[in-house]
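Beneath this line is the structure, given in C-alpha cells, with notes to follow.
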Amino acid sequence: MARAFLFVLDSFGIGNAPDAGAFGDLGADTLGHIAEFCAAGAADRAGLREGPLNLPNMSALGLMHAARLATGRLPAGMALPERVYGVYGAASEVSRGKDTPSGHWEIAGTPVTFDWGYFPADGDAFPPELVEAICREGDVPGILGNCHASGTDIIARLGEEHMRTGKPICYTSSDSVFQIAAHEQTFGLERLQDLCAVVRRLVDEYNIGRVIARPFVGSDPGSFTRTGNRRDYSVLPPAPTVLDRLKEAGRTVHAIGKIADIFAHQGVTRLTKANGNMALFDASLAAIDEAEDGALIFTNFVDFDMLYGHRRDVAGYAAALEAFDARLPDLDRRLKPGDMVILTADHGCDPTWRGTDHTRERVPVLMFGPTLRSRSVGIVGSFAHIGETVASHLGIDPGPHGRSLI
C-alpha cells in the first residue's frame, strides 16, 4: 500500500493568479521577485546568503517549469535543469480568500465558496460591542491596538504598555483574523490561550476564520520576541476534507506544525508540534520513518510566511528556501516504493510587495516518488486537485471537488 507526504511551503507563490487584480495583487510573484532581488545582489546578507537564488533540488523536481507555466518566464538568474525528475504544475485557487484556512482546506479537497468576514482598515477595527464582550467575558481591563497592524511592529509599539496595564494587544489584517499578542510571563501563556478561546466564540457571529494567539517575551522594544507557542483557533472546514475521509477509512493522518490547528483538529489522528522550518523538517522525517502503509503526513512550513513574507524580508526568505531545498535529499533517501511527496503552497506572500499581507498567487505543485514518472500536469484549476491526488494515491473514494493528477 502507498504512503503520501504533503508539504506546504507556507506562502510560496510563483506568480499572480488570474484573479489577482481583484485582490490588489496584480504583478505579485513571490518566487520571481525573490529571484530578481537575488540576481541583482539585493538579497545578499553577510553571514546568511549571497548571489543568485540556488534551488537545485526543487528545480530538478520541476519548479522552474512550474514557474514558467505560471508566469510565462523563468525566474531571474535561474535556469532550467538538465533533467526533471518530478511531476510538476502550477495551481490556481478557487476559494474566495487568500488566507491560510482557505488555501489549506482547498488543498485538502474542500474549497471555500463563501465570503469570510473582515474587520475594517479605517478607524477602530473591532466593533465596540465586541470589545465590551471580550473585556467582560475574557476578564481583561481593556484592549490595546484595535487596528490593522504588522505583528512585530505592534508588539514593539505597545508591548511595554501591555506589560504595565495588563491589556492584551488585539489587531487584525486583510485576512479574516483576530490576533491577540500577550507577554508569556506578565500576562501568562495559559491566560492568553483561554482568552483566545473566548474570542473564538465571540467572533463566530462575524464569520471570522481564525483567532491567533501571539505570545512574546522580552523586557523592552529592543528585546521583544515572539515565541514558538503560537496557536491558531480556526472554525471547522465547511465540509469533510480528505483528512476526514482518510480517518474514516482507518488511516493515520499525522499533522505536523500548525496543520491540526488549521483544520480545528478535525480529521487528524496524530499531531506533532515543532518550532522552525528545520525542526519541522526533522519531525517530518521522523514521522516518515514510522509511517505505516496508507498514512498521510501533512506538514506546514510556516517560517516562509511568518518570518519572511509578512516581514518583507527578501534575503531571509531566499535563505529559508535554500535551506529547505538542501534538505530534500534527506527526504528522498527515506522514500520507499509506493511513496509520493507533494510540495505546494497555500497562497503567496511576496516579500517585495506593498504592505505586509498575503498575495493572491498561483502555487507550485511538485510531486515525486520512486514510481512517479516525470511529466507536466500544466495549469491546475483548483488546489482541490491536490487533495484528490492524495485520495487516489492512498486508495480511498474521491471527493466532490477536483480530480487526481496522477
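Glycine is no exception: its Cβ is also placed from the backbone N, Cα and C atoms.
Bear in mind that the values here come from a model prediction, so they are computed numbers and not experimental data.
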According to Swiss-Prot, Asp305, His310 bind Mn(2+) 2; which one of His254, His358 is listed for that same site?
His358
What three-state secondary structure does DSSP assign to Asp305 (Mn(2+) 2 binding site)?
helix
Residues satisfying Cβ distance under 8 Å from His310 (Mn(2+) 2 binding site), sequence separation of at least 6:
Ser150, Gly151, Cys349, Thr356, Asp357
Asp10 (Mn(2+) 1 binding site) to His358 (Mn(2+) 2 binding site) - Cα separation in whole Å:
10
Please give me the CB contact count at 10 A for His347 (Mn(2+) 1 binding site), counting all chains in the structure.
32
On a simple 10 Å Cβ count over all chains shown, which one of the binding-site residues Asp10, Asp305, Asp346 is most densely packed?
Asp346
Distance between Asp305 (Mn(2+) 2 binding site) and Asp346 (Mn(2+) 1 binding site) at the Cα atoms, whole Å?
10
